[in-house]
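All remarks here apply to the structure that follows.
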Amino acid sequence: MIKVADLNIPVIEDFDINGRKVLLRIDINSPVDRKTGKLLDDSRIKAHAETIRELLDKQNSVVIISHQGRPGDDDFISLEEHSKILSKYVGREIEFVDDVIGPYAREKISKLGKGEAILLENVRIVSEELIEAPPQQQSKTFLVRKLAPLVDFYINDAFATAHRSQPSLVGFPLVKPSAAGRIMEKEVSALSKIFNKEDSPKIFVLGGSKVSDTLKIIEHLAKNRVADRILTGGLVAELFAVAKGINLGKPNMQVLENKGLLSLIPRARKILLSGAPIEIPVDFTVEKPSGELSNDPENNVSGIIKDIGNTTIEIYSSFIKEGKVITLRGPMGVIEDERFRIGTKSLLKASIESPGYVIIGGGHMISMLDKDVEINPNKIHVSTGGGALLLFLAGDKLPALEALHMSWVMQSGKS
């Protein structure tokens, strides 16, 4: 059992899941090459192998469901290739079934032997899966009514889609004993540290270009007094600098205007006035019109801001070393250009070398991890969350977690 944000999330150990028939919801949604239709990255598929292997080792019959893309998009493809890759990582055959709720799929599920697994076709070929609704409503869909009677347990291991309220994510927990899979368990355990008052000081490193989303996170952290320091970078830092009255120069103001961010200045100013522990860069790496790079102080910027500066890196790194929990989301600079990755990589390095527990989220931030860095799972958590992580940090409810909690309440009679 894991407790997070007043929710009790059941895990596999809370039930006797041995030699049973299990419906496992995973998230193996992967980037697709538009020309060939082949998968470009299989990291999500690889990550789910642990839960599947464990369930098979316990002689369970495992029925796997997942999605890939959305109807009408180039990445809306079959899961047939996924099943082959999944088989490779699990070390056993995961048979692909070209059906979801039809007679063929139901027959395959009924005849599935112990220690065997099948992967059903892309669950989003079922139109109901595209509709978001409350768990009570989703529990009455054809998807749930057709598959639930065929299994004993439901396990959700799809944290990356925990912010969706679709039938495969929230419908089954209301009609079957349900638990979090290993990925879901790790994500929830790591994120619970963020709001655990005993794990302080808490340092947040927030950057990137999704400024409105990041402001929402900061507002929630400030309102609930979660953060001890919020270290800003990227466009988020520029917005706070302007809100503070710092003149970043006409070119940078033009960048903010072109991205429609000037309207957010009053909101950023309100956050500053609330006493939120916001740290703003004291210098920046800028690119001058000539193409020359310069390290300029915040109040004398001579070009377009591309990264945080050297002094800021030193100051931020010292703050990070003090943290008991360090959460990083969003890069400090324009990391698409190798010249402007120093700030992001330096803070990642400081975090990994710090004595604190580190949570790294967001695809851009994760991509900046050096390939040779050894990730100690007891100290560093690399989140697969994406949108789910964003909403969790912003204080929004995650329907999939809410549904697992509801299932526990219904099964145990406890709240």
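Placed from the backbone N, Cα and C atoms, the Cβ positions cover glycine too.
Keep in mind it's a predicted model, so treat the numbers as computed, not measured.
Under the three-state DSSP scheme, G69 (substrate binding site) falls in the coil class. In the shown protein chains, 16 other C-beta atoms lie within 10 A of the C-beta of G69 (substrate binding site). Swiss-Prot lists D27, I28, N29, R44, H67, Q68, G69, R70, R124, R164 with the feature substrate binding site.
In the shown protein chains, 18 other C-beta atoms lie within 10 A of the C-beta of H364 (ATP binding site). The ATP binding site annotation in Swiss-Prot covers E336, G362, G363, H364, M365 and is backed by sequence analysis.
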Record-listed substrate binders D27, I28, N29, R44, H67, Q68, G69, R70, R124, R164 have a maximum CA to CA distance, in Å, of 18
Quick one: pull the CA-CA distance for D27 (substrate binding site) versus G362 (ATP binding site), whole Å only.
16
Argmin Cα dist to R124 (substrate binding site) over the binding-site residues E336, H364, M365 returns H364
What's the CA to CA span in angstrom from H364 (ATP binding site) over to N29 (substrate binding site)?
17
Tell me the Cα distance separating G362 (ATP binding site) from G69 (substrate binding site), rounded to the nearest angstrom.
19
Ordered by sequence, the long-range same-chain Cβ contacts of M365 (ATP binding site) under 8 Å (at least 6 apart) are L328, R329, G330, P331, T344, L348
